[in-house]
């Protein structure tokens, strides 16, 4: 039977994966294993060169130049070692993705809309990587600047498994693990690869079954069936959609996570099953773990987080969700989504604080 065509993200990445990205990831795997076996010391630079070549091949010289320009500007601004200035630079670079004249100019570089979208998605993810590196540069002293050179920034920004769609890995974790020397076993890595491929293939088959048989997104895009459905049916549709979203990201994040393991790195944990979650807080902590670590380290904690006053906690949480909404595109529905998530987290934490009062505990 024909598949549900309404889930753009799944169709888009599967098409790119089959045509180009899976082959380029296979190339990365070969370069990585050969460099680990023969020249461990130069592995970061071998992978950097490969990532740059893959970027050039898929996005063309102009797309490559845009990403290199973003990295160069971010690094130059980081030299002032002012976190606020770094954040301002990052937000300005992110905002250039939404300037109509710039969008039109970039569209003319490519023959198809899909190629332009690949550049758009890649640059938006690279913005987070540039921000992570720049803030770590601001926070580290002169003695540690050798591990925060422009060459290390390029190795981080052009690391290919996480290049187009993530998952996000903060620079401090990436650099520590990439510099770490550890024993290399071809046999162990082969077992990890085979088991990983089997798991990802199972998740992919499950996602394909869901998109060919359930038509969740087609139902959501049509008003009459939703109006006719009972509240129980609407609840079931909502659950089906988030379950598909979960399985989809097991595949989309599972492939790069496997390659990270093959490179000797520890990837962020894969999404936790949404059926096991009952709170907004747990959802944000355990669905996209890499993004959560980024938000906590670079926005929530520096703005005071849970250690500040009640108003300070409310503000730092609001700022975190505001950035998430803006980074995802900044459309009106994303602001509503961010506000509702913020409200959910605030209500949960408020109830926890109330329940922790000894008088309330005695009543319970």
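Cβ atoms are placed via backbone N, Cα and C, with glycine included.
Nobody curates TrEMBL annotations by hand; they come from automatic prediction.
Remember, it's a predicted structure, so these values are computed and weren't measured experimentally.
Check TrEMBL against the ranges 231-252, 253-274 and you find transmembrane segment recorded for 231-252. Listed ranges 116-135, 276-295; the one TrEMBL annotates as transmembrane segment is 116-135. Per TrEMBL, the stretch carrying the note transmembrane segment among 150-169, 170-189 is 150-169. Tallying C-beta pairs under 8 angstroms between the transmembrane segment (190-211) and each of 116-135, 231-252, 310-328 places 231-252 first. Counting Cβ pairs under 8 Å to the transmembrane segment (116-135), the stretch among 20-38, 45-69, 310-328 with the most such contacts is 45-69. Using the rule of three or more Cβ pairs under 8 Å, pairs at least 6 apart in sequence, the transmembrane segment (20-38) is not in contact with the transmembrane segment (231-252).
Put simply, of 45-69, 75-95, 231-252, 310-328, the stretch with the most CB pairs closer than 8 A to the transmembrane segment (150-169) is 45-69.
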